[in-house]
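Student: Relevant sequence annotations retrieved from TrEMBL are reproduced here:
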{"type": "TRANSMEM", "residues": "A:20-45", "note": "transmembrane segment"}
{"type": "TRANSMEM", "residues": "A:57-78", "note": "transmembrane segment"}
{"type": "TRANSMEM", "residues": "A:98-120", "note": "transmembrane segment"}
{"type": "TRANSMEM", "residues": "A:127-148", "note": "transmembrane segment"}
{"type": "TRANSMEM", "residues": "A:186-210", "note": "transmembrane segment"}
{"type": "TRANSMEM", "residues": "A:222-239", "note": "transmembrane segment"}
{"type": "TRANSMEM", "residues": "A:322-347", "note": "transmembrane segment"}
{"type": "TRANSMEM", "residues": "A:359-380", "note": "transmembrane segment"}
{"type": "TRANSMEM", "residues": "A:400-431", "note": "transmembrane segment"}
Amino acid sequence: MLDGFSAETLARAQFAFTVSFHIIFPAFSIGLASFLAVLNALWLRTGDRSYLTLFDYWKKIFAVAFGMGVVSGIVMSYQFGTNWSVFSDRAGPVIGPLMAYEVLSAFFLEAGFLGIMLFGRERVGDGLHMFATAMVAFGTLMSATWILSVNSWMQTPAGFSIAANGQFVPEDWWAIIFNPSFPYRLVHMVLAAFLTTSLVVGAVGAWHLLRDRTDPEARRMFSMAMWMAAIVTPIQIFAGDAHGLNTLEHQPAKVMAMEGHYDSHPDGAPLILFGIPNTAERRIDYAIEVPKLSSLILKHDLNAPLAGLDSVPQDEQPPVAIVFYSFRVMVGLGFAMLALGVGSLWLRVRGRLYDAPWLHRAAILMGPTGFVAVLAGWITTEVGRQPYTVYGLLRTGDSLAPVAAPAVVTSLIAFILVYFCVFGAGTIYILRMMNKRPATPRLGLRDGPIRTAGITPAPQVERDFIPDQGASK
Amino acid sequence: MIFDLAFIWAGLIAFAVLTYVILDGFDLGIGILFPFGRSDQDRDLMMNSVAPVWDGNETWLVLGGGGLFAVFPLAYAIVMPALYMPITLMLLALVFRGVSFEYRWRVSNKRVWDAAFFGGSLIAALCQGIALGALVQGIRIEGRAYAGGWFDWLTPFSVLTGVAVVIGYALLGATWLVLKTEGRIQMQMRGYSWWLGAATLGLIGIVSLLTPFQDPIYLQRWFNMPGSLFSVLVPLIMLGLSWSFLRGLNDQKDLQPFLSALGFFVVSFVGIGISFYPMMVPPTLTIQQAAAPESSLAFALVGAAILLPIILAYTVYAYWVFRGKIDPSQGYH
């Protein structure tokens, strides 16, 4: 089925596939790790058991998601070499050390303290357990910082020279790490991760509220999630806008594709709300547009001239249709999230946050949209920077490994089969756990070894249920 | 000058890979021994003995790959396409194996994920051994790229090293379980350790004898300084380790067999290092040629010098927290 494609197309498909699957897990675990740290801190501070119950509930879901993130991440660390070896050879001296820092300062931290966070509360005591939980959360944020610096350098390279052998040679590490698009991308992505997590938590809370609106844990998590949605969404929209302006400065062709501006507009460009890109004729069909609004947003001036793709040589243009659509998906979902956040605030003020089934249904519907928005955003920025791996300097077609197309096809099919089976199963298990009430003693069928012939002693059943031990606390 | 940045980094990468082999070896070994667990309860115990530490262990593999990318990008760019198939297979196998830790507890019929844990561990170990063998055979390079085909890695020698690593990891797994368990399962694993130990030593011997046939230069390196010093020591050290291993098993010691088995791996690894030096990718790419520019090496070294000791400290701490025998009544998290 994939016979007709070149090794380049196949390698790109493989990278897109593996990295798209991978980003789903960090997008969730970055936010969830911080949420867990907050829950644990609140439990230690207030002694309110519902926080501990929620911590133990989300901890198990985190463990499964994190495991999937680890294994799909190991794949990524080798994909550069197996499929993009020329890129690795040439850009390795710059981005390699950043990734080494990610491994050293983030991956080890997460992995080293994860065991203690999951298994060690009784062994190390509350204080050290809190420390371990905070380290896991800190590790996920460190990881995001380094890898976004790497990605941003590829988009807006800085602080390097080019050696005779074609290698990018680092000259100024400060300029490399804090390259022009890095701060914007980092803020945008970390907020996206927090928002994604809060939408998932909110959906799970809403699901349980629809069954029983008195469930104390469901109320608590729904309330926390809706605070996050209400506060973070407006900030995220603002951050996204700032990121867009930064992109306009450094990668104007990407913004032209996002906006669907095939033609230059010397006196004020319209904002195309929707339309169908016509690649052959190089125009947007059936465009619904607001005159001059694009110039207002991008240049803060109704009549500011905006260049279009006609000002960019053909072989330096990104594919327009994908970027155009994915950008609209992301922005559209962003405004839907804003509506959810505002709606929840309105009902909260009126004291009806837990008694509004339509809000709960909307929250459930919005549960997975964070992931969709994250993917759409990444597709926008990654397809939008084509045809380059290092923007303006190294073309994607020149980055490829000397691996024959049949080898790439075989591995691509293997990755597709394995990922759908393994991560499909994982998603089902996670949904199954989410379907249980937070106060359920066991989320899996079993959380520990079963004794002989299925006879599980009574205390074992209650092991990770939280019995009311009043006196012991 | 020998002790330049590239040399230090070659040592650090070697250290990361060795640490990976030491830490993930027993962890994969437990997967390889998984079908021999006599009951669900035994298998739960086997898996729980590594559950808190496995992803820390696998992070060393990411450091090996990521580190190579950072400081020897050319070696990374040549080796990965050359070992395309075994590396990809290993990664897929690690996917199956890694998720089994969590998935097993989430289904009523554990057979599927038991099989995934076993199969994933076995194939990952086999591929690592094959990759090692393929590297020893040498990799054909033209200009700055791999110049061979996509099945060059597959030879009788690389399959032999693959099998050797599988058996060796199983030995590490068995001796780890001797350390971490009690009673029936400990006795069973002690019994396996005898056979696996003998097989491992035999395979190390055969691989060592065949290595000079892959490239005569390897033999030569052993009879030049500083290799020749080691050539005298190696048989003695191996003998000492074997004695300590057998004594440990015979006297029913818990820790000694495991440490001795790790010793087999450390000595073999140093031996490979001596055979390779000063090549990074045999037969033609040297450490110096593969190294990234000075500015990359220096920057990365600052991070490694500060962070590696801290990592080692909290890794030791995590093992310390979960020290001692596994309590069969202790549930999963």
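Cβ coordinates are placed from backbone N, Cα and C, and glycine is handled just like the others.
Caution: TrEMBL annotation is automatic and unverified by curators.
Looking at the shown structure, what environment does each listed feature sit in?
Tutor: Beyond the ends of the transmembrane segment (A:98-120), by six or more residues, the same chain brings 33, 36, 59, 63, 66, 70, 73, 77, 128-129, 131-133, 135-136, 138-140, 142-143, 145-147, 149-150, 153, 176-177 to within a C-beta distance below 8 angstroms of the stretch.
Within its own chain, the transmembrane segment (A:127-148) is flanked in space by residues 26, 29-30, 33-34, 36-37, 40-41, 44, 98-99, 101-102, 105-110, 112-114, 116-117, 120-121, 182, 185-186, 189-190, 193, which lie at least six positions past its ends and keep a Cβ under 8 Å from the stretch.
A Cβ distance under 8 Å defines the sequence-distant neighbours of the transmembrane segment (A:186-210), meaning residues of its chain 6+ beyond its ends; these are 26-28, 30-32, 34-35, 58, 141, 144-145, 148-149, 152, 217-226, 228-229, 232-233, 235-236, 239-240, 243, 337, 340, 354, 357, 359-361, 363-371, 373-374, 377, 434-435, 437-438.
For the transmembrane segment (A:222-239), the list of distant contacts is 35, 184, 187-188, 191-192, 194-195, 197-199, 201-202, 205-206, 209, 334-335, 337-338, 340-342, 344-345, 348, 353-354, 360, 363: same-chain residues at least six beyond its ends, Cβ to Cβ under 8 Å.
Here the transmembrane segment (A:322-347) has long-range neighbours at 195, 199, 202, 226, 229-234, 236-237, 240, 254, 257-258, 260, 274, 277, 284, 353, 356, 359, 362-363, 366, 369-370, 372-373, 376-377, 379-380, 383-384, meaning same-chain residues at least 6 beyond its ends whose C-beta is under 8 angstroms from one of its own.
Here the transmembrane segment (A:359-380) has Cβ contacts under 8 Å with residues 19-20, 23-24, 27-28, 188-189, 192-193, 195-200, 202-207, 209-210, 222, 225-226, 254, 258, 322-323, 326-327, 329-330, 333-334, 336-337, 340, 343-344, 347, 353 of the same chain, all six or more residues outside its ends.
Cβ atoms under 8 Å from those of the transmembrane segment (A:400-431) belong to residues 2-3, 5-8, 10-11, 13-14, 17-18, 21, 61, 64-65, 67-68, 71-72, 75, 81-87, 444 of the same chain, restricted to positions at least 6 beyond its ends.
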